[in-house]
Amino acid sequence: MSTTTGQVIRCKAAVAWEAGKPLVMEEVDVAPPQKMEVRLKILYTSLCHTDVYFWEAKGQNPVFPRILGHEAAGIVESVGEGVTELAPGDHVLPVFTGECKDCAHCKSEESNMCSLLRINTDRGVMINDGQSRFSINGKPIYHFVGTSTFSEYTVVHVGCVAKINPLAPLDKVCVLSCGISTGLGATLNVAKPTKGSSVAIFGLGAVGLAAAEGARIAGASRIIGVDLNASRFEQAKKFGVTEFVNPKDYSKPVQEVIAEMTDGGVDRSVECTGHIDAMISAFECVHDGWGVAVLVGVPHKEAVFKTHPMNFLNERTLKGTFFGNYKPRSDIPSVVEKYMNKELELEKFITHTLPFAEINKAFDLMLKGEGLRCIITMED
C-alpha cells in the first residue's frame, strides 16, 4: 500500500485564477479519493483547444479558480471505497466524459453518452459530495470536466478512467484521451468508409487530421482535405490526405467544387471545424444514394443548420458524434492497442514537448496556431 494512501497530498498544480491570465504554479492540497473515486499521479498531459476555450471564458460560465487539463496519462496512486476495477500502479488515461456502466446509455451498444458522467463544463466539484478535492490554504480550487490534469495529482470518478496496457508509452498515448480519439472514431465508428472510397475532411487541425488518419486506416483511396489555411496541406499529407481544397480559391460553394471533383460527391465527409457553413457544405458534398456526413465540430449556440429536405430524400445521411462514439472504459484500451500494433501513428500528432513549469508556453503555441499537440512532462 502506498504511504500516501488516505493522506492529503501536497503537490504542484498550474492554477487558472482568472479568465485569460497566465496559469500560476501553486502548491495545492489534493484530498484522498472518496467513494467510487481514484487519485491519479499524472505523468504527461497535453493541451487541447477546449482547455484554452474555457480558460478564455469568453462565452461560457466562468468557473475560477480552476485547474484545467483533460488530455493526460498517469498511474493510479490510490482508490476510494467501492473501486474494484482499478488498483494502485495501474496505467490509465483519465477521460473528460465517463461510463458508469449502469445507465441506459451505457447499457446501449449504440451510445457512449453516459447519463451520470457525461461531460459537464460548468461543474467544478465531484459528483459524490459536491465538494472539490483541491484546496490552497483550505480554500477550494475547482475541477475541470472531472479530470483537472494540470496537477501532479488529481482525483477522478472511476467511470472516467480507462485502464490501459502498461507497456504503452504514456507520453504518446496521453493524446488519445480526447481530440485524437474524437476524430479517429468519427471516421472509423460513425462514417465507416469502405476500402477504396472517397472521404472529405473539413478542418485540418488535430481532430480533423485524426479523422483523416481514420480514413487512411480504413483504406480510403481519396482523402480530400478542406481548409482555409493552405499551409496545412503539406502537414496533412502525413495523415493520408491526397488532395486539398481551399474554399477561398473558388467563386462557387465548396460542396459544388467537391461534387465536380468526385463525379457527384464523396462517399463520406467528416466536419471538424464547428463553423455552420462548413457543416452545411460537408453534408451537401456527399453523394446522393449512399453519402454519409458526420458532424464533429461544436457550433456557436445560435447557429442554425439549413439545407433543403430533398438532400435527405435523395438518400444522403447526416450523423453527429461525441468523442468518436467511444465508450471511455470499454473502448479506449483497444484504441491504445491500435497504436501498439502500429495501425495508428501518434508521433506525427506530437509537435512540441515542454516541462510542466513552462505550461504557459503551450498556451502561447496554441493561440498562435503552431503545431498540433504539445506534451507537457509533469516530472522534471
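The backbone N, Cα and C atoms fix where each Cβ goes, and this holds for glycine too.
Under the DSSP three-state reduction, HIS70 (Zn(2+) 1 binding site) is assigned to coil, being neither helix nor strand. The Zn(2+) 1 binding site annotation in Swiss-Prot covers CYS48, THR50, HIS70, CYS178 and rests on similarity to another entry.
The NAD(+) binding site feature in Swiss-Prot is assigned to THR50, 203-208, ASP227, ARG232, THR273, 296-298, PHE323, ARG373. Classification of VAL296 (NAD(+) binding site) by DSSP places it in coil, neither helical nor stranded. Contacts of VAL296 (NAD(+) binding site) defined by a Cβ separation under 8 A and a same-chain sequence distance of 6+ are given as THR182, GLY183, ALA186, VAL207, ALA211, VAL270, GLU271, CYS272, THR321, in order along the sequence.
In this view, HIS70 (Zn(2+) 1 binding site) is surrounded by 27 other Cβ atoms within 10 Å of its Cβ, with every protein chain counted. Summarising the annotation, Swiss-Prot assigns alcohol binding site to THR50, HIS70.
What Swiss-Prot lists as Zn(2+) 2 binding site is CYS100, CYS103, CYS106, CYS114, and the listing cites similarity to another entry. Sequence-distant contacts (6 or more apart, same chain, Cβ under 8 Å) of CYS106 (Zn(2+) 2 binding site) comprise GLU99, CYS100, CYS114, SER115, LYS327.
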Whole-number answer please: how many Å between the C-alpha atoms of CYS103 (Zn(2+) 2 binding site) and ALA206 (NAD(+) binding site)?
31
Just counting, how many other CB atoms are there within 10 A of the CB of ALA206 (NAD(+) binding site)?
24
Would you list, in sequence order, the binding-site residues among CYS48, THR50, HIS70 whose CA lies within 10 Å of the CA of ALA206 (NAD(+) binding site)?
CYS48
Would you kindly give the Cα-Cα distance separating THR50 (Zn(2+) 1 binding site) and VAL298 (NAD(+) binding site), rounded to the nearest Å?
11
